[in-house]
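> I am attaching a structure below and will ask some questions about it afterwards.
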Amino acid sequence: MSPDCTFNEKDIVFYVYSRDKRDGIILKKETLTNYDLFTKSTISKQVVFLIHGFLSTGNNENFVAMSKALIEKDDFLVISVDWKKGACNAFASTKDALGYSKAVGNTRHVGKFVADFTKLLVEKYKVLISNIRLIGHSLGAHTSGFAGKEVQKLKLGKYKEIIGLDPAGPYFHRSDCPDRLCVTDAEYVQVIHTSIILGVYYNVGSVDFYVNYGKNQPGCNEPSCSHTKAVKYLTECIKHECCLIGTPWKKYFSTPKPISQCRGDTCVCVGLNAKSYPARGAFYAPVEANAPYCHNEGIKL
């Protein structure tokens, strides 16, 4: 039977976390305008949207862990977007091409919905769009890109940052900017590549980190494991001071320099402060098999 992955705004749920709502609360579309979470105190907060990918949910364990890491790090307002029906969570399997194609088609709808939510935050609750960051995994990375395009169409400006966690590869390998996550979708676009099979293997951001050359990740035997590691790497970079260092790399043409030769103007730390480093382009990031994963030989950038 064909999977029913029909997108409907009414099916979207938001899991919202903050320092005074650490266990999270659940919002739906009809409650967005009257919930007391969005008050005058929201204006000054840094807001982070988390957007999951194919077959996943907004309260998957990796996103819950990242949400907790974010609110421990700073007074973030974290909004995890659950579009699980549109992502075929209940109906498809990883081998279901029809279900996946439907989920791909739904990413634009979800992106527009996130952009409309952003408009509400900006216009009604006076949140600065320069304080809003999107973090998307797999299809969620491209969804974040579509949201970034939509907020620009709405003349709201650009998001502060989009972090694409191993943006989905299938159906996107030959896509141009209008049809995928792109460097122009936010003021700064950071991309973490961890699977050459399930993720895109070309530069799409201001900085593109190829962790372990963007191929199989340490400790992983399946592509799905490597694909998910991007989420875990970022979470650990948020939780710990340990810097996962990226050193400049021209794919296919050169061997990256050892991180022992890194300087603050040539290399970049993966994570929320990546934009503070001047270097742009593609970077190779060596990684350890176990958390906190960083392989930096004690180097301080």
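Every residue, even glycine, has its Cβ placed from backbone N, Cα and C.
It should be emphasised that the depicted structure is a prediction, and the values quoted were computed from it without experimental measurement.
The disulfide bond annotation in Swiss-Prot covers CYS5-CYS88, CYS177-CYS182, CYS220-CYS225, CYS242-CYS269, CYS243-CYS294, CYS262-CYS267. Among the features that Swiss-Prot reports, active site, nucleophile is placed at SER138. Positions annotated as active site, charge relay system by Swiss-Prot: ASP166, HIS227.
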> Helix, strand or coil for CYS269 (disulfide bond)? Use DSSP.
strand
> Run through CYS220, CYS225, CYS267, CYS294 for me and report the disulfide-bonded residues whose CA is within 10 Å of the CA of CYS242 (disulfide bond), in sequence order.
CYS294
> Nearest by CA distance to CYS182 (disulfide bond): which of the recorded positions is it, out of CYS5, SER138, CYS243, CYS267?
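Closest by Cα distance to CYS182 (disulfide bond) among the recorded positions CYS5, SER138, CYS243, CYS267: SER138.
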> Which one of these disulfide-bonded residues, CYS5, CYS177, has the sparsest Cβ neighbourhood, judged by other Cβ atoms within 10 angstroms?
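Comparing Cβ neighbour counts within 10 Å for the disulfide-bonded residues CYS5, CYS177 gives CYS177.
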> Between the Cα atoms of CYS220 (disulfide bond) and CYS262 (disulfide bond), find the distance and write it as a whole number of Å.
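With distance taken Cα to Cα, CYS262 (disulfide bond) is 28 Å from CYS220 (disulfide bond).
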> May I ask for the distance between CYS267 (disulfide bond) and CYS177 (disulfide bond), taken between their Cα atoms and rounded to an integer number of Å?
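Pair distance, Cα basis, whole Å: 26 Å.
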> Measuring Cα to Cα, how far is CYS262 (disulfide bond) from CYS269 (disulfide bond) in Å?
11
> Say you check the Cα of HIS227 (active site, charge relay system) against those of the recorded positions CYS88, ASP166, CYS243, CYS294; which is nearest?
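Among CYS88, ASP166, CYS243, CYS294, ASP166.
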> Starting from the Cα of CYS269 (disulfide bond), work out which of the recorded positions (CYS5, SER138, ASP166, CYS243) are within 10 Å.
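Those near CYS269 (disulfide bond) - Cα within 10 Å - are CYS243, in sequence order.
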> For CYS177 (disulfide bond), name the DSSP secondary structure in the helix/strand/coil scheme.
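Assignment for CYS177 (disulfide bond) reads helix.
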> Roughly how many Å lie between the Cα atoms of CYS5 (disulfide bond) and ASP166 (active site, charge relay system), rounded to a whole value?
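Cα to Cα, CYS5 (disulfide bond) and ASP166 (active site, charge relay system) are separated by 23 Å.
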